[in-house]
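Colleague: According to Swiss-Prot, the signal peptide annotation covers 1-24. Residues or ranges marked as N-linked glycosylation site by Swiss-Prot: Asn32, Asn38, Asn129, Asn147, Asn163, Asn171, Asn199, Asn243, Asn281, Asn321, Asn337, Asn365 (among others). According to Swiss-Prot, the substrate binding site annotation covers Asn125, Arg126, Asp311. What Swiss-Prot lists as active site, proton donor is His233. The annotation active site, proton acceptor is assigned in Swiss-Prot to Glu401.
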Amino acid sequence: MCGVLRQLMLLLLAFLSITPSCSAWNFHHQLNGTTPSNGTTTNGSSSCPLANGASSNPLQVYTIAANNITASFIPYGARLISLMVPDREGKMQDVIVGYDNPQDYVKDTLTNHTYFGCIVGRYANRIRNGTFVLDGTTYNTPKNELNKTQTLHGGSVGYDQRNWTVTALSNSSITFTLFDSGYEHFPGDVINHVTFSVNSSYGLKRPNPQTEFTARTVSLSLTEKTPIMLSPHIYWNLNAFKNETVLEDTLLELPLSSRYVEVDSRLIPTGNIGNVSSSLNGTLDFTKGKLIGKDIKSADGICGANCTGYDNCFIIDRPNNASDWTSSPQTMVPAVNMSSITTGINMLVTTNQQAIQIYSCNGQNGTIPVKGSQVARNKASGDGNGTVVDKIEQYGCLVIETEGWIDGINNPDWGQDPFQIYSPESGPAINWATYVFTAS
């Protein structure tokens, strides 16, 4: 606990050295000469202090590494673009969905808008009707989903489209910073840090070596009470596209999730909380673990209108310690256990969050290419059962978002305000998730 406290206090001290003049600009709006929806004009620069060796280029690639794990990022969206870990044969595999060319993430924003690998915010997931009420005041955020009827992932220009500043950089960690001066009509100013780090027990003469990737977002409300709910939006494929889909390859276990948030056809919460074992004949029951594809044909309509698959918020049931901002996943039972039959790669996820959103890539349709580097790696090794997967097909990946109960700000009866509403008088909003990889 002392180590956790020390690390978080250092982060908070770092906040104090960054004044509200530290602003971030939106890259694709600068390219197009447009204006963000908060009415300010992007100026193509940032007054945040850059880390030594860092660049103001939003598409500059940064790589951190430890023994048998390598992660690469770009500042555009504080985005993870590659994560290399070993499979059961010791071959390094990229288990992240995305693009090889950083420029393609900008193109994606303007076309598919997949949110590959980015940090979403200021408020992840959906806001019903793009509106919420705080202390009697109604706030309206840009409606950017379903014919502009609701808000998704923070609005039209969310954190995924901002150029975060690299404010700390080492061989095994990187920190991005974003000052949000009322973006997308959210109240008040918020300073955000996200630190990614890697660790490894390979080479330490320990049994069952493992690698570890950690994402920590720390956000402070500086001026007003406001919703804050950031989340890493990482698309995973633990079989590294050796198979067209994850349906018969990937096992998913959610041992702490016996409940889920019921949603309507727009994926907006109805206010009801369902039981995974008694609802929908157990289609959403992953408490004991099963293949993604085992019950997916029965998952008709639970991921929205005219949709078959998963796009659901699973509640993490455990003694509640998320209000303690010193809590860390190292003290917690894993909330996710996922593994690939093909590669033998296993991933355990621990988090201090209240819920996990699982999305089975229902909307992919083969129009987005698999990274050329992943295709080349599979060709070179002869993997893929004689076939080469070069397009991201439906159910070709899985998104895991560590976050709070979705749209909790519009469901006060749930009692989630302490974990989603923050003010200058409150502690920081912290999303801490650790992904541990082994292979067998």
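The first residue you see is number 1, and the count goes up from there.
Each Cβ is built from the backbone N, Cα and C atoms, and glycine gets one as well.
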Colleague: Count, for each of the glycosylation sites Asn129, Asn171, the other C-beta atoms lying within 10 angstroms of its own C-beta, and report the residue with the smallest count.
Modeller: Asn171
Colleague: Let me know the largest Cα to Cα distance in Å among the substrate-binding residues Asn125, Arg126, Asp311, as an integer.
Modeller: 12
Colleague: For each of Asn163, Asn199, Asn281, Asn337, Asn365, count the other CB atoms within 10 A of its CB; which of these glycosylation sites has the top count?
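Modeller: Result for the most crowded candidate: Asn163.
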Colleague: Could you measure between Asn147 (N-linked glycosylation site) and Arg126 (substrate binding site) for me? Cα positions, answer in whole angstrom.
Modeller: 14
Colleague: Using the alpha carbons only, what distance in Å do you get between Arg126 (substrate binding site) and Asn171 (N-linked glycosylation site) once rounded?
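Modeller: About 36 Å separate the Cα atoms of these two residues.
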Colleague: Could you tell me which three-state DSSP class Asn243 (N-linked glycosylation site) falls into?
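Modeller: Note: Asn243 (N-linked glycosylation site) is coil by DSSP, not helix or strand.
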Colleague: Quick check: which same-chain residues outside Asn125, Arg126, Asp311 lie with their CB within 8 A of the centre of the substrate site CB atoms?
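Modeller: Close Cβ neighbours, site residues excluded: Leu152, Val263, Leu267, Cys313, Gln357, Ile406, Asp407.
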Colleague: Rounded to the nearest angstrom, how far is the Cα of the residue listed as 'active site, proton donor' from the Cα of Asn199 (N-linked glycosylation site)?
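Modeller: About 21 Å separates the two Cα atoms.
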Colleague: Between C-alpha atoms, which of these recorded positions comes nearest to Asn281 (N-linked glycosylation site): Asn125, His233, Asp311, Glu401?
Modeller: Asp311
Colleague: Of these recorded positions, Arg126, His233, which scores lowest on Cβ atoms within 10 Å?
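Modeller: It is Arg126 that, of the recorded positions Arg126, His233, has the fewest other Cβ atoms within 10 Å.
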Colleague: Whole-number Å distance between the CA of Asn243 (N-linked glycosylation site) and the CA of Asn129 (N-linked glycosylation site)?
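Modeller: The separation of the Cα atoms works out to 39 Å.
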Colleague: Do you know offhand how many angstrom separate Asn337 (N-linked glycosylation site) and the residue listed as 'active site, proton acceptor' by C-alpha?
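Modeller: A Cα-Cα distance of 14 Å.
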Colleague: Name the one residue among Asn125, His233, Asp311, Glu401 whose Cα is closest in three-dimensional space to that of Asn171 (N-linked glycosylation site); these are the recorded positions.
Modeller: His233
